[in-house]
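Read through the structure below, which is laid out as structure tokens, and then see the notes.
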Amino acid sequence: MGPETVINSLRQQITSCESQLQDLKRQLAEAEYQSQQQRSNLQSEQSEHCAPYPLAYDFSHGVHDDFRAEILAALSQPEESIPSPKRWPLDPNEYKRYGRQLIMPEIGLQGQLRLKGASVLIVGVGGLGCPAAAYLVGAGVGTVGLVDGDTVEESNLHRQILHSAARVNMPKVESAMIALHSLNPNVDMVPHHGRLTPETAVSTFQPYDLVLDCTDTPASRYLVSDTCVLLGKPLVSASALRTDGQLMVLNYPPRPPGDTAGGPCYRCVFPKPPPPESVVSCGDGGILGPVVGTMGVLQALETIKILTRGPSALSDGLASPDPPSLLIFSAYANPMFRTIRLRTRKPKCAVCSTHATITPEVLNSGSLDYVQFCGTINPIDVLSSNERISAENYAKIRLDVNPFTGLEPSKDSHILLDVREKVQFEICSLEGSVNIPFSTISSTPADDCKGTATETGLESGWVSELRQHTDKPIFVVCRLGNDSQITVKKMKELGLDNGGQRWIGDIRGGLRAWRHNVDRDFPDY
Amino acid sequence: MSEAKNDGTIAITVEFSGGLEMLFSNERKLSLTIPGKDENGAKTNIAFLVRHLCNTVMKDPRKELFVLDDTVRPGILVLINDADWELEGEDKYEIEEGDNILFVSTLHGG
């Protein structure tokens, strides 16, 4: 980090602290004012109660009662012009702040009071949680709890709108609280630092009326859903990846396990977790900010709809509005939105049916391993050590004599094959490297009887191209060093190593290792 | 919906969402004509369609990202005319002319 960046960052931090301080001072003033109001109201009530019977004590204070009443009325005028909390159900500033939604029949005074009396838990303060929290806090939900164990990273900022450049490395919960507090100091914010675990889930969820699943792994999604079913909380669940998003309102109405009138849970819809190799994270697959933002905003919307329907709808759910559905958002499809009808509760669901095996006791005991249930991918390690080269040693080949061929360093002494997708290759690449995307490689059928495809001319272009230069060793590189190993294996299966005569291997740790150990300036995206 | 055509085939629309399109040459929507009867002469159902997609339509060799144990893998929702296939008899649902079958992979990012 250059000195200017440090200066800028410090400036920003000071600005942020100052605005926080200002905010706190304003809150203090408000609180002091309110407590003063309450005291004076109490006093005037007491004096009313003790007020003597007017006729009996006409001259008791040396001044005629009528006259005295007039003086007192004049003196207390300024106080009376401010409506007491009893007179108006919302605070004065709340009428103004929420005025634009208050005048809508969907909300109205009753709806606003329901929002104010409600408590909502947001699990995950990332791309979904940030916009969801912003709108719920803005709308005046009384209590908002935030759960997250991560810290803010620079690569979060394009979509996680509550965080800021000045708050990189700060815990996400803390960063979000600062932003939300400056947005609406009327809302009670409850921080829950750390990742949700089966042991803590029940006690964390207990005090809230409704839960938003804004997490990013299958394991956490099952845990959040199970806990909501066991505690009878409606769940507003969303997810997003690349240009697509999905939204479901689950366990709504939140009937007890075994009651078929309750809404389906995540396990009803997805009884078995997906194979771990099919799960793609935003870090690997990419995510467009407004796509995940759209889904988070829709979560806030569904939450407001449920909360303003009133407590009866929350608990007995008789007024259950829509049948269970899944909203699919595809930013690049036409139309962008579509709604699918979902199943009802699954008669043999492991958590919400009469056959349920998951109970609060089981959850609290910690004996359920959600990570194991969803499976994990072992780090890829399919090559032997002589099929791999470190980034430093590959750098030597580019600069020194090639130990495999004895040739002077030159671009032509070997083939450097970069198997990242084309769009990533175009962001940055090593000079002289050739790009064959991993998707092309993995969609090439493995050749069972070597050579037949060559003879019949049906072989993929990239394979026959690489076959032409039989003398040059091939170095395969990717982003992190996983796809490169699979590629080396596949190329050998395709016979590109000429029965072992040509060296094919990968650069261990990929371009990340290259940046770490060889070229610090190579872009880190 | 009308009966199968004279040549015994039925025309349907198959759609992919949530990343599954990547396994099908990045096509989100396919108009397919499939046999009206399966190998045993029974009316074509979803189970047959899944086999047909896997064997005939899908070029990507990573079949395990679509099918596991002879059915659609966990984490994929099958929707028949915009309704969960669980509401329609799952893979035993007999496909009709003009049906829209949507395969959605669940997303987990957030």
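Quick reminder: no glycine exception, Cβ is built from N, Cα and C everywhere.
According to TrEMBL, the feature coiled coil maps to A:7-48. The average pLDDT the prediction assigns to the coiled coil (A:7-48) is 69.
According to TrEMBL, the ATP binding site annotation covers A:GLY127, A:ASP148, A:SER155, A:ASN156, A:LEU157, A:HIS158, A:ARG159, A:LYS172, A:ASP216, A:THR217. Annotation for A:SER155 (ATP binding site): spatial neighbours A:GLY283, criterion Cβ-Cβ under 8 Å with sequence separation of six or more.
As annotated by TrEMBL, Zn(2+) binding site applies to A:CYS265, A:CYS268, A:CYS349, A:CYS352. Around the Cβ of A:CYS265 (Zn(2+) binding site), 30 further Cβ atoms fall within 10 Å across all displayed protein chains. DSSP gives A:CYS265 (Zn(2+) binding site) a coil state; it is part of no helix or strand.
Counting only same-chain residues at least 6 apart in sequence, those with a Cβ under 8 Å from the Cβ of A:CYS282 (active site, glycyl thioester intermediate) are A:GLY127, A:ASP216, A:ALA240, A:LEU241, A:VAL292. Annotation comment: TrEMBL describes A:CYS282 as active site, glycyl thioester intermediate.
Summarising the annotation, TrEMBL assigns domain 'Rhodanese' to A:410-523.
The DSSP secondary structure for A:CYS478 (active site, cysteine persulfide intermediate) is coil. The active site, cysteine persulfide intermediate feature in TrEMBL is assigned to A:CYS478.
Helix, strand and coil counts under DSSP for the domain 'Rhodanese' (A:410-523) come to 46 helix, 14 strand, 54 coil. Annotation for A:CYS478 (active site, cysteine persulfide intermediate): spatial neighbours A:ASP418, A:VAL419, A:ARG420, A:PHE438, A:SER484, A:THR487, A:ASP506, A:GLY510, A:LEU511, criterion Cβ-Cβ under 8 Å with sequence separation of six or more.
Taking the Cβ of A:CYS268 (Zn(2+) binding site) as reference, residues of its chain lying under 8 Å away and at least six apart in sequence are, in sequence order, A:ARG343, A:THR344, A:ARG345, A:LYS346, A:CYS349, A:CYS352. Each of the binding-site residues A:LEU157, A:ARG159, A:CYS352 was scored by the number of other CB atoms within 10 Å of its CB, and the largest score is that of A:CYS352.
Listed recorded positions: A:LEU157, A:ARG159, A:ASP216, A:CYS282, A:CYS478. Those with a CB under 8 Å from a CB in chain B, in sequence order: A:ASP216, A:CYS282. Sorted by the number of other CB atoms within 10 A, the binding-site residues A:GLY127, A:CYS349 start with A:CYS349, the lowest. Every protein chain shown contributes to the tally, and the Cβ of A:ASP216 (ATP binding site) ends up with 26 other Cβ atoms within 10 Å.
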